[in-house]
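Annotated in Swiss-Prot:
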BINDING   201, 230, 259, 295, 315, 316, 317, 356, 357, 358, 359, 395, 422  substrate binding site
BINDING   399, 463  Zn(2+) binding site
BINDING   545, 548, 553  [4Fe-4S] cluster binding site
């Protein structure tokens with residue numbers, strides 16, 4: 001079917017890199033082609049004894065920035081992982097035919113009987129999978145030579161190797177969320193010894209949004225730098241919405257399965273059952289969901305202290321399970337059946353994101369008995385999941401004052417055995433409505449510096465409504481800044497070089513290079529053009545400073561002073 005902007009199921013998908021080109025780096029262990037974008041610079045810049053006429057950047061946009069790839073959003077993007085042959089060799093068919101409602105004819109896969117299929121399983125056996133080599137190449141950004149020679153600002157000036165990736169996964173300090181039924185995925189890694197990652201939340205609700213809008217938002221989030229996307233749909237057509245998102249997503253997709261389970265019982269939390277939830281897990285596993293948020297750590301003993309809070313339980317999944325426990329007078333069935341949950345996860349290599357059902361919803365509730373009590377249970381569940389070779393990350397707060405953030409990271413490392421931490425912010429104040437994306441990025445920078453592996457974005461609509469396309473862009477870019485700032489502080493050579501090239505371009509008045517090296521080139525270019533017009537300047541003089549005018553530019557005068565004797 002031809003693409004049509006009039007067709008509500010065909011949102012505009014094609015995205016191109018801004019003044020950059022798509023490049024691919026070949027694997028040496030596996031037949032991989034790892035996509036990156038390369039920015040062409042207007043002049044050579046020197047750093048660490050090397051000359052740079054271009055700069056390769058980490059690219060989360062998949063085929064959407066590759067003009068050589070053609071695709072139909074109703075059929076999905078190319079299944080790149082199928083070409084590596086590893087999954088087909090190591091797994092069996094999970095069904096005779098494609099599931100009902102599938103957009104493709106691909107038969108879902110599962111682990112072979114009595115054998116493992118997870119990245120942790122292979123890592124413990126000493127096997128480097130295609131996904132491990134892929135993420136090592138991505139993390140290096142084709143800057144291995146410069147990394148080895150780099151000293152200033154870098155703490156760990158050593159290129160990432162596939163073996164290092166394998167060892168981190170084997171130890172549980174990093175995960176590659178990559179369901180064997182998501183062949184469109186371009187693998188990425190989440191761990192504190194790697195680039196800090198960003199997650200974007202999307203999803204319809206009973207109040208608004210269509211399938212097409214959510215697919216477009218997921219692609220849009222990838223365009224601006226989201227490393228993973230969570231589909232938090234709670235409205236109609238949850239299964240179909242998820243299928244469209246998965247088949248068109250080059251990044252890992254996460255879900256909160258309890259949302260769909262709740263929809264199946266008409267929104268009545270106390271009517272939920274383990275059997276219904278189990279079937280929902282399997283349904284989503286066969287579709288290809290890469291990680292599940294599961295609120296298995298909230299127990300009945302945590303409810304009394306939670307009820308004393310200023311803002312109670314603010315996690316949707318947490319409030320659902322709290323109501324179920326109280327209404328039925330029983331322990332959380334997600335906790336009671338966690339071993340069975342892990343058996344499902346290990347069958348398809350789905351990572352578990354252990355949900356923080358008791359995250360604080362206000363700074364008054366931060367670091368309280370309920371929050372840290374649940375965190376200890378999440379540590380117990382982590383070791384249980386590792387017994388099944390299931391990859392684990394831990395979800396964290398939430399609303400936490402700036403001076404109390406480091407304690408969260410320290411306790412998470414202690415209680416949860418160094419499993420990756422994934423936080424919503426933290427938001428450092430409660431009064432930033434309309435600007436909570438900035439609020440979140442402040443706390444996010446600090447906790448990422450202390451070791452948090454992935455930041456969940458917050459948009460300007462946080463606490464106010466569902467984000468639209470512009471909100472998604474704003475939220476992703478602001479949190480990309482936070483993650484990048486933490487990467488610099490942690491000693492990332494690639495992050496340091498990116499900033500150094502920008503500073504050289506700024507000093508040289510190389511405006512196009514400044515735009516292209518920024519995280520939002522379109523906005524930077526637009527604001528500069530508006531400033532030129534406001535100053536009545538044509539732009540013919542490249543040294544004209546739109547900040548200071550012709551007579552007060554410090555960089556211009558600094559360069560002039562250099563010529564004086």
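In case you wondered, yes, glycine gets a Cβ from its N, Cα and C as well.
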Where residue 259 (substrate binding site) sits in the secondary structure, as DSSP reduces it to three classes: helix
C-alpha spacing of residue 201 (substrate binding site) relative to residue 545 ([4Fe-4S] cluster binding site), in angstrom: 39
Of 359, 399, 463 (the binding-site residues), the residue whose Cβ has the fewest other Cβ atoms within 10 Å: 463
By Cα-Cα distance, the member of binding-site residues 399, 463, 553 nearest residue 259 (substrate binding site): 463
Proximal but sequence-remote residues of the same chain as residue 317 (substrate binding site) (Cβ under 8 Å, at least 6 apart): 256, 258, 259, 293, 295, 355, 357
Candidate nearest residue 201 (substrate binding site) in space, where candidates are the binding-site residues 399, 463, 553 and distance is Cα-Cα: 463
CB within-chain contacts under 8 A for residue 315 (substrate binding site), separation at least 6: 295, 355, 356, 357, 358, 359
Spatial neighbour of residue 422 (substrate binding site) that is closest, considering only the binding-site residues 399, 463, 553 and their CA atoms: 399
Alpha-carbon distance [residue 553 ([4Fe-4S] cluster binding site); residue 463 (Zn(2+) binding site)] in Å: 41
Cα distance (Å, whole number) from residue 553 ([4Fe-4S] cluster binding site) to residue 399 (Zn(2+) binding site): 41
Site extent for substrate, whole Å (max Cα pair distance, 201, 230, 259, 295, 315, 316, 317, 356, 357, 358, 359, 395, 422): 20
Lowest local Cβ density (other Cβ within 10 Å) among binding-site residues: 259, 422: 259
Other CB atoms within 10 A, centred on residue 545 ([4Fe-4S] cluster binding site): 18
Conformational class of residue 545 ([4Fe-4S] cluster binding site) under the three-state DSSP mapping: coil
